[in-house]
Amino acid sequence: MAGGVRRKSPGSPSPLWGKLHTLWQDKHLVLFKTQYTLLVVSVLWFLEIGFNAWVIQKVAYTEIDWKAYMDEVEGVINGTYDYTKLKGDTGPLVYPAGFVYIFTVLYYITSHGVNIRLAQYLFAAFYLITLLLVFRIYHRTKKVPPYVFFFVCCASYRIHSIFVLRLFNDPVAMMLLFGAINLFMDGNWTLGCGLYSLAVSVKMNVLLFAPGLLFLLISEFGLIRTIPKLSLCAGIQLLLGLPFLLENPVGYMSQAFDLGRQFMFKWTVNWRFLPEWLFLDRYFHLILLASHLLALLLFALRRWKRPGESIFDLLKDPSKRKAPAQKTTVDHILFSHLV
């Protein structure tokens, strides 16, 4: 009406309000749509902070290897660099030199290994960092529905036990490994190889990921340009192990990288269904090793190359291959490492 007061038209809703409104409408799909992965993992990660604190305070700590770790690094602190003379409660020192340096730092932080509660909180921090790295990988893939992440962390008794109730060295090695995989996803191959080598220097079982990494490097760079990356990995191992190699090279290599070491049946989880005699049988070990190598060979011949290509074509520089080199994807990286 002329001369009348004009009504103010309602403004358009803010972007934040629009997102919240969409989230409320799709609330029944939050656990199933990958677009909500970041939201779900953020909530789970903050819940894990409180859950780990509760576990540390309420669940009894289990002494298995921590005291042995502290005894082993104490021997190095006291001046023993011969690996064959470094021992703990559970036997000789059987981990590479990176383990010694990292757990020496933990030795001093935890008042010579006596402050177990502080050590548990440090390992809880390692767990939370590892969880962030794992969540970031899944977030980048956009393939896994968000509800799965509850089973990855909160519902897992074993993962909390390994990290905060038993203080194994596996958490440190895997934290470094997942850090390396994140760097590979971002295209930081040199830094990633350095971090991967550090993970190997904490525990030798990280070498199981080496075939996948080797394939990725050759696929991305060709054989010639892969050599510097492998040299970096080897150089880090040499540098870290140098004090022990100078003292007793054979002793260090045989102890830190002992491929024939026997694992005790009472500590196994995955193979508990087997009778002890079979678990300890060397022929069973050889069958497992042969099966692993055969699987790698089959993947190399059937999956790690394009149809019509020779596996040897991968050794060439990417610019000189018959088919143009494809950009390495996150899925490619994860699949290669899982294999």
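Glycine is no exception: its Cβ is also placed from the backbone N, Cα and C atoms.
The transmembrane segment annotation in TrEMBL covers 36-56 (among others).
Long-range Cβ contacts of the transmembrane segment (93-109) within its own chain (Cβ-Cβ under 8 Å, at least 6 residues beyond either end) map to 69-70, 72-77, 83, 86-87, 118-119, 122, 169, 172, 198, 200-204, 237, 240-241, 243-244, 252, 255-258, 261. Taken from TrEMBL, the feature transmembrane segment covers 93-109 (among others).
Note on the transmembrane segment (121-138): residues 37, 41, 44-45, 48-49, 52-53, 56, 106, 109-110, 144, 149, 152-153, 159-160, 163-164, 167, 171-172, 174-175, 178-179, 181-182, 185, 330, 334 of its chain, located 6 or more positions outside it, place their CB under 8 angstroms from a CB of the stretch. Annotation source TrEMBL lists transmembrane segment at 121-138 (among others).
When Cβ-Cβ distances below 8 Å are used as the criterion, the transmembrane segment (195-218) is approached by residues 95-99, 102, 169-170, 172-174, 176-177, 179-180, 183-184, 189, 226, 229-230, 232-234, 236-237, 240-241, 256-257, 296, 300, 304, 314-315, 328, 332-333, 336-339 of the same chain, each at least six residues removed from its ends. Residues or ranges marked as transmembrane segment in TrEMBL: 195-218 (among others).
Marked as transmembrane segment by TrEMBL: 230-246 (among others). With a threshold of 8 Å between CB atoms, the same-chain residues lying at least 6 positions outside the transmembrane segment (230-246) that come near it are 81-83, 96-98, 101, 190, 193-194, 196-198, 200-201, 214, 217, 252-253, 256.
The transmembrane segment annotation in TrEMBL covers 283-301 (among others).
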Self-check item: For the transmembrane segment (36-56), distant same-chain residues with Cβ under 8 A (at least six beyond the ends)
Solution: 23, 26, 29-30, 117, 120-121, 124, 127-128, 131-132, 135, 138-139, 142, 144, 146-147, 149-150, 153-154, 160, 163-165
